[in-house]
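Visitor: Here it is, the structure in full.
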Amino acid sequence: MVFIDNIYADEVLDSRGNPTVRATVILSDGTKGSAIVPSGASTGKREALELRDGDNRFLGKGVLKAVENVNTKIADELIGLSPFNQAEVDATMKDIDGTHNYSNLGANAVLGVSMATARAAANSLQIPLYRYLGGANAMTMPVPMFNIINGGEHANNSVDFQEYMIMPTGFENFNDGLRAVAEIYQHLKKVIDFMGESTAVGDEGGFAPNLKSNEEPISVIMSAIEKAGYKAGEQISIALDVAASELIDEKTKKYVLKGENRELTSAELVDYYADLCSKYPIVSIEDGLSEDDWDGWKILTEKLGSKVQLVGDDLFVTNASIVAEGIKKGIANAVLIKPNQIGTVSETMQTIRLAQRNNYNCIMSHRSGESEDAFIADFAVALNCGQIKTGSTARSDRIAKYNRLLEIGAEIGYAEYLGKQPFSKK
């Protein structure tokens, strides 16, 4: 019987040059798996806790405490367990930690080991990670939610909304869809350069021009779609990540759009979204309101929920109990899936199953601080998420996921690509 023989971690760097945890699990048959944990910039209040050292190293962002927890507390309890019982491995770490948000061990320590265990198990069986996690049912290639213009916390410009994305919804396969958005990205660079604006990129590879309003990036993207020879609405759709929790004034409870020098109530912001959706082929809005503004989310869902995918990121933080509450109250209709928000592979899978049972779409997602680790590419296919959010075709930490998806698609051969289908039920 194969068992976990050794576990260790070390401190490596993410795409922003900040330290993060790399965990390695070695099995008794000699196979091993490693995983690098991502980190977010715009984070929800109820996310699992990322353990940082808080000393002088790396401006306080070192992760040696988390590394030590892997090498001692976690390793001591997991060595001898079966790597093929992911639920037991993850539950054991949760028991060791003893808190609801992994504040003792650190979610970055726990997730690294959880992911590395899954990878080691797949390697031991000599099957791809997506096949190990998803079985024979893993057959859906995700539609990319492709970051093309950055604002908010992800860029140093005057645009308030955090991400403007395009989605290749009018194509029959992943490869053609990826080609289309990659070509549009190159044309957008030319459009922005012609405008005399910077073509510097943000954390996730999208451009970060200093535009005049929150609507202007959409019109600029529409121009790039046309110049690339594609049809907006028919082949290419638009998605927004507002990250509204970063915009709200906690005292006035109004949303501050600094780039436009105005403040809006929840209802006014919903009307603003409705106006944008009437002008442009917007199919998805993420975190359109603050994570605490559930009354506002109710207004948003009632007004746009039948027409647009309304995604909860900070709202749900990949937490099954919070998603269940949202389902009960009729809030949003989709869940962004970030494994490091909840802490383990098993808990992430639980949240996805709950969402899918209740007809909520799932979008597998990276974080703004990433690495060469492409675990989420396999994870998205394994659980038939149907959508993935993993940046643009710039920065190798984002490209790693797309290249892995191309590899997976070639291996599967018969893979499905849902295109517009995730949005047709809205």
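Every residue, even glycine, has its Cβ placed from backbone N, Cα and C.
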Visitor: According to Swiss-Prot, GLN162, ARG367, SER368, LYS389 bind (2R)-2-phosphoglycerate; identify which of LYS190, LYS329, LYS338, LYS420 is listed for that same site.
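Guide: Of LYS190, LYS329, LYS338, LYS420, LYS338 joins GLN162, ARG367, SER368, LYS389 in the (2R)-2-phosphoglycerate site that Swiss-Prot records.
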Visitor: Which of ASP241, ASP249, ASP271 shares the Mg(2+) site with GLU286, ASP313 per Swiss-Prot?
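Guide: Looking at ASP241, ASP249, ASP271, the one Swiss-Prot places in the Mg(2+) site next to GLU286, ASP313 is ASP241.
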Visitor: State the Cα to Cα distance, in Å, between GLU286 (Mg(2+) binding site) and GLN162 ((2R)-2-phosphoglycerate binding site), rounded to an integer.
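Guide: One finds 10 Å between the Cα atoms of these residues.
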Visitor: May I ask for the distance between LYS338 (active site, proton acceptor) and ARG367 ((2R)-2-phosphoglycerate binding site), taken between their Cα atoms and rounded to an integer number of Å?
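Guide: Pair distance, Cα basis, whole Å: 8 Å.
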Visitor: Around the recorded Mg(2+) site, report the further residues of that chain (criterion: Cβ within 8 Å of the mean position of the Cβ atoms of ASP241, GLU286, ASP313; site residues excluded), sequence-ordered.
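Guide: Going along the sequence, the neighbours come out as GLN162, GLU163, LEU240, VAL242, ALA243, ILE285, ASP287, VAL311, ASP314, LEU336, LYS389.
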Visitor: I'd like the number of other C-beta atoms within 10 A of the C-beta of LYS389 ((2R)-2-phosphoglycerate binding site), please.
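Guide: A count of 30.
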Visitor: Of the recorded positions GLU204, ASP241, ASP313, which one sits closest to SER368 ((2R)-2-phosphoglycerate binding site) when you measure Cα to Cα?
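Guide: For SER368 ((2R)-2-phosphoglycerate binding site), the spatially nearest of the recorded positions is GLU204.
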